[in-house]
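What TrEMBL says about this protein:
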- 55-75: compositional bias 'Low complexity' (COMPBIAS)
- 76-95: compositional bias 'Basic residues' (COMPBIAS)
- 99-108: compositional bias 'Basic and acidic residues' (COMPBIAS)
- 4-62: domain 'Tudor' (DOMAIN)
- 52-108: region 'Disordered' (REGION)
- 207-229: transmembrane segment (TRANSMEM)
- 256-273: transmembrane segment (TRANSMEM)
- 294-313: transmembrane segment (TRANSMEM)
- 325-344: transmembrane segment (TRANSMEM)
- 455-475: transmembrane segment (TRANSMEM)
- 481-500: transmembrane segment (TRANSMEM)
- 520-539: transmembrane segment (TRANSMEM)
- 551-580: transmembrane segment (TRANSMEM)
Amino acid sequence: MPARKFADGEVVMGRWPGSVLYYEVQVTGYNDVTHLYTVKYKDGTELELKESDIRSQSSFRPRKSQSSSSSPSRRSTSRSRSRSPGRPGRGRRRSSSQSRERKEDKKKTVQETDLVLLVFFCLFKMNENNTRRYNGEPDSTERNDTSSKILEQKFKPDLDIQHVLDQYSLHSRREEKKKEEIYSEKKIFETVTTTEKASPKTKELEFGGRIGTFVLILFMPATVLYLLLMCKQDDPSLLNFPPTLPDWESLWETKVFGIILLWFFLQALFYLLPIGKVVEGLPLSNGRKLQYKINGFYAFVSTAASIGALLYFQFELTYLYDHFLQFAVSAAAFSMGLSIFLYIRSLRTPEEELAPSGNSGYLVYDFFTGHELNPRIGSFDLKYFCELRPGLIGWVVINLAMLLAEMKIHNQSTPSLAMVLVNSFQLLYVVDALWNEEAVLTTMDITHDGFGFMLAFGDLVWVPFVYSLQAFYLVGHPTAISWPAASAITVLNCIGYYIFRSANSQKNKFRRNPADPKLAYLKVIPTATGKGLLVTGWWGFVRHPNYLGDIIMALAWSLPCGFTHILPYFYVIYFICLLIHREARDEHHCKKKYGLAWERYCQRVPYRIFPYIY
């Protein structure tokens, strides 16, 4: 293992990635696996640099002026004096030759004097350009790789000036050769993430660390079971805690578990159908881009046709309601088995393919957060598939089963207005997610989080069985709602959906193509990392406008259940807590990445989710 050259706390000069400029930095850490130094710039930005990109401050001390013997006139005079002594009959020719040489030396001296002035002028312009370039303000949405090409064209004049400086440097040839070896780069503005060859160890543990994640592994299934048992009671008041625990036979049935497996593999079959486009995701830490098949909406249509065929042949979809607890337990057991499989296979995964948030070395923590970033079986991406398919589409099927169960139990020819509102609002949300499936490729779930128990349980159990809580509640506790109230709730849901969709669309279009003429009205200020932060539009209103739209829609989904019990509003409370947690993660990530620039952005956009409140 190579010896470490720079110690923690040492102040050195670090090269800014993708450029030839060195800045004063402080060494804060060293990774023994990747052999990368973590350094902190004066503006608070933290990056990882190779040892070859770090130099001691002593090598940047001003050099003494070179002796006059290195000047062209002195060199030419030395050459003339070093010739052989005067030969017979050549004295006059030699004196005229020396005269011509003196004239040429004088001309060269004038040219090089002009060149020195040009060099100092170029240095001044470079310093002025760099000052303007790195004193930008932040925004809340990152540029993608396309922005690097734009910045490369923008900074090309400075690079040409640097080439002039290198070509006409007055340093010795040995120093010039050493400088060329240090500054040589094949690509301009190559990002730090693409130079990393391995995923570093997770240093900052979330969710309470090892103890917190162990508690969550037990607490999450218990919460789902508690909510469903409370909804089954005649009086689902919180004062009736704890609910009556059912016997094992009412919680498990092998037939139900078989249906869960059939549902999972049916959705996998729809995913593998040769329909839909194939797109590339964001670059991984090794620079590679994975391909994803975008056909979630087609899978939804195929599922709807299959359910319609079952209803046509008189299949009782209310079977879902009658065995709802058993379906939830079976789905939880399947997600646990899948999580164990994912963790075991991740132990043989190359280091560079591990998740940056789930590589702590602690079994329980990595099992919960996900050890491998993108587990795949061939081209079948397990995390991407579970993110939108089985759980999200299953949520709609469960809602439909609850609607039919309400009509059957209460002998109604049509569903109640409250049930229609809940089904319609949540159907719109699911269809929107599947129609805009490509947008999920830029989320933290795909780009940052590994696939472990947290996402597996969340996608396959929490989404279908907790998000459908309002519909399940209305079956046993019908609520009458007037048409004016229904109209007001509909308007509220539309407002939330508009904020959610327009904010996400604005963000995704900007990430995919920041040079899009349709986004010319947006003000973009570059940061010191070469990427940009968006400070106008929805992202100049609050830092997370998509979260604001989510919360408004969640409230609209719960209002049709009335105000008799707080249980239907659990989803709203949970959603607010979840989004505040996500917002805190985003804040921490952006502050670490952008440093002082993120603080200036927070001053410009002070509200996080709720304007004038939070």
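Even glycines carry a Cβ here, placed using N, Cα and C.
Caution: TrEMBL annotation is automatic and unverified by curators.
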- [ ] State the non-local partners of the transmembrane segment (481-500) in its own chain: residues 6+ outside its ends, Cβ under 8 Å from one of its Cβ atoms.
- [x] 416-418, 421, 425, 428-429, 432, 538, 545-546, 548-557, 559-560, 562
- [ ] State, in range form, which of 207-229, 256-273, 294-313, 455-475, 551-580 has the highest count of Cβ pairs under 8 Å to the transmembrane segment (325-344).
- [x] 455-475
Open item on the list: Treating G and I as helix alongside H, and B as strand alongside E, what does DSSP give for the domain 'Tudor' (4-62) in helix, strand and coil?
Closed with: 7 helix, 27 strand, 25 coil
- [ ] Please work out which recorded stretch in 207-229, 256-273, 551-580 has the most C-beta pairs separated by under 8 angstroms from the transmembrane segment (455-475)?
- [x] 551-580
Task: Residues from the same chain, set at least six apart from the ends of the transmembrane segment (256-273), whose C-beta lies under 8 A from its own - done: 293, 295, 298-299, 302-303, 306, 323, 326-327, 330-331, 333-334, 380, 385, 389-390, 393-394, 460
Task: Confidence summary for the domain 'Tudor' (4-62), mean pLDDT rounded - done: 82
- [ ] Six or more residues out from either end of the transmembrane segment (551-580), which same-chain residues have a Cβ under 8 Å from its Cβ atoms?
- [x] 227, 230-231, 236-238, 417-419, 421-422, 425-426, 429, 466-467, 469-470, 473-474, 477, 479, 481, 486, 489-490, 492-493, 495-497, 499-500, 544, 609
